[in-house]
2 protein chains.
Amino acid sequence: MDHVRVGLVGLGTVGTGVYKMLQENKDIITKKVGKEIRVEKILVRNKDKERDPEIPSELITFDPGDILENDDIDIVIEVMGSVELAMDYIKRALSAKKQVITANKDLIALHEEELSELAHLNGRDLYFEASVAGGIPIIGTLKEDLAGNKIRKIMGIINGTTNYILTKMTKEGKSYEEVLKDAVALGYAESDPTADVEGLDAARKIAILGTIAFDTKITFNDVYVEGITKITKDDIKYADELGYIVKLLGIGMNVDDKAEARVHPVFISKDHPLAAVNDVFNAIFVEGNAVGETMFYGRGAGELPTASAVIGDLMKATRDFINDTMGSSYRKIVKRKEIKDISEVDTAFYTRMKVKDIPGVFAKIATVFGDHGVSIALVRQQYRDDSGVAEIVLVTHKVQEKNVRDSLAAIEKLDVVEKVTSVIRVEEGKR
Amino acid sequence: MDHVRVGLVGLGTVGTGVYKMLQENKDIITKKVGKEIRVEKILVRNKDKERDPEIPSELITFDPGDILENDDIDIVIEVMGSVELAMDYIKRALSAKKQVITANKDLIALHEEELSELAHLNGRDLYFEASVAGGIPIIGTLKEDLAGNKIRKIMGIINGTTNYILTKMTKEGKSYEEVLKDAVALGYAESDPTADVEGLDAARKIAILGTIAFDTKITFNDVYVEGITKITKDDIKYADELGYIVKLLGIGMNVDDKAEARVHPVFISKDHPLAAVNDVFNAIFVEGNAVGETMFYGRGAGELPTASAVIGDLMKATRDFINDTMGSSYRKIVKRKEIKDISEVDTAFYTRMKVKDIPGVFAKIATVFGDHGVSIALVRQQYRDDSGVAEIVLVTHKVQEKNVRDSLAAIEKLDVVEKVTSVIRVEEGKR
């Protein structure tokens, strides 16, 4: 065969981007892989939906078997989304000995291991670079270029919507609700923003990243998740005064052969490279025992950045197809890492509480922390209103999370304490 | 053979780092490539030099043929440095059908094409990730993950010493000379810092990066180079006031099938991601037609970051050795891109000049610029001393460099102008 035959499953934003980029960059792609890569069939569901006029209508099919079980298709690209149906389609494609590329984060965050094993059994590869931060080639980098490193930490801004919201809150001093309304109006947030603002989207991505970085299995269900909906203007103001920025991070750690996987807002030092990543941009910070600290920055989503990731994978899959070295990307998990419960994780905390404005209050609070083994790094008690209520802002040293939770539960019961208003983890101290 | 046999040529900082990391991460490396990678021989020149006690002395040899023409060696890692001798050794290794990995920037910046062709003729691969910014896996990323992109621009902070100096000048308001002295004392600059401060080291790196990014041949000799020795405290102060940071960048552009390759100080907007890259850290910014803007950040040098790059390459070379797919990394240059002379390059300029403090001076200067087709974006004339001399600070719009040079030559001849004191390119306007 003088060309490689691709079946595209799905023709939404990403599918259209993939098709267009394959045309626009055909010359360099053909030269680099040695053969032309040609889209032969495109599976769509909705017969009536208007399609980009650049897409030739003779490629369109409504029958999945036309691609998945078609002997004249070598490689399948799944960009339709959803979990169950895409799972079924990818299984069929692998069983029919196709190389498979997917951009499906929801699916990979749940079923990567099963699908990779099925690919392996069939002597084929499953590629999924586009499932995490399309414009950042992190999975290929972890699997290849940084493969000789033991990765201790992978941590990133991996959701554009929440980074946009936090950036606006920080730069314009607006409330979460105000900025969210603007973001929806501008199309930076969906009208139902739950998956983004509650951290679910980031949780899927950190599950995938942790799986690759630590060579183990972490699924979406293993990730501790907290979103940004409770972040207030005051928290952002205090963060600034203390030398921090508030960001929503996905964090994976690999310490003593136990893994951590969590998504939550953090105070991060202003001089950390992640602190300067603003608006809808994403960035992923990786710490390896040889490479040291490194960071990868780019667009997390969008038609063309995601197409870039799909096409990078497609070129790898094609090269293996042409050289008959398919199946070589498989990594068997030899040793599964236990995943720590959030209560066992070590972090520092920022907390803010309303207390009675009378002498001796702080001593009582400090005693509770001390009794729980929590040591205090910094305290401020300067902002008072005239209602007899004072505010205490406090940052702890790093300690097991359980101890902080127990302390705060006890502190909330003190009669001098009206309310603990904020609890946010401090991820990276000053550099 | 149950293991893969490596010959290490050179045992300086990088060679020692490679040996140690191969031991420390042996478990994950063996698991990932499927066989143990074992260093069998290490070539050193100086018999009397003290070596790290972790290096087994029975591996040491003083005879290059013990590695280069040894049938019991599969892969050669060259980390000895120098150009001529390393060239000879690598040619011998490739001719004897070894896979070759090198960290040798000086060599690759001159002879990459010839060596890659020799590798190809012998059905072997030449890998050189470690030749540019060890802690940033940029070459693998360009060759693989971003391979489907047309790269329009690659631009980076790719010399740690000069970035350290400029960072200190910016943050502490010190002069170039003061900071250089400190940097030498602290070991951040060599006692002869020429290769760094004159931009030669960065020029070698941008030659290599441009070669890969634009799929053409760019050698060290093709790169326009200006160093940082003329940057003054005042330039840094004006940059700050105008919203810029002064950085030394390596810049490659690919526009209308002509390439640019240059190293020089720039004013770069404070909100550009490169502006936040400080101290000895490196970062490389890449703009592709699918991926958009992306940036890769990490350590540029050092024992372990460079070892990380060498070992990443070693694992690729090993996989191809085991799968018998050697030689697949070759990229033939189909179309050589013409390299623009610096006079043809389009950029904006910042310039500063001492003029007589009399009316009408600026009109004369503006007339000269206008006659040469240079349009002015911004002028300041606020800093005067009491000697009858005023200072004009001026930023142009983007224009062909030749026009600015001709303008400045004419302006220096004006009787109202005492001296043009600074000329620095403005690389990225406000975002």
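Glycine too: its Cβ is placed from the backbone N, Cα and C atoms.
Listed in TrEMBL for this protein:
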BINDING   B:V9, B:G10, B:L11, B:G12, B:T13, B:V14, B:G15, B:T16  NADP(+) binding site
BINDING   B:K105  NADPH binding site
BINDING   B:E190  L-homoserine binding site
ACT_SITE  B:K205  active site, proton donor
DOMAIN    B:350-425  domain 'ACT'
Secondary structure composition of the domain 'ACT' (B:350-425) [DSSP: H/G/I, E/B, coil]: 23 helix, 32 strand, 21 coil
Binding-site residues (B:G10, B:G12, B:G15), the one with most neighbouring Cβ atoms at 10 Å: B:G15
DSSP three-state assignment (helix, strand or coil) for B:V14 (NADP(+) binding site): helix
Residue pair B:L11 (NADP(+) binding site), the residue listed as 'L-homoserine binding site' - Cα distance, angstrom, rounded: 20
Segment-level pLDDT (mean, integer) for the domain 'ACT' (B:350-425): 92
Subset of binding-site residues (B:G10, B:T13, B:K105) lying within 10 A of the residue listed as 'active site, proton donor', CA to CA, in sequence order: B:K105
Cβ atoms near the residue listed as 'NADPH binding site' (within 10 Å, other residues, all chains): 21
Residue pair B:G12 (NADP(+) binding site), B:E190 (L-homoserine binding site) - Cα distance, angstrom, rounded: 16
Residue pair B:V14 (NADP(+) binding site), B:K105 (NADPH binding site) - Cα distance, angstrom, rounded: 13
Nearest-integer angstrom distance between the alpha carbons (Cα) of B:G10 (NADP(+) binding site) and B:E190 (L-homoserine binding site): 21
Sparsest Cβ surroundings (other CB atoms within 10 Å) among the binding-site residues B:V9, B:L11, B:V14: B:L11
For B:T13 (NADP(+) binding site): intrachain residues, at least 6 apart, with Cβ closer than 8 Å: B:G302, B:E303, B:T306
Among B:T16, B:E190, B:K205, the one of these recorded positions whose Cβ has the fewest neighbouring Cβ atoms within 10 Å: B:E190
DSSP-derived structure type at B:V9 (NADP(+) binding site), helix or strand or else coil: strand
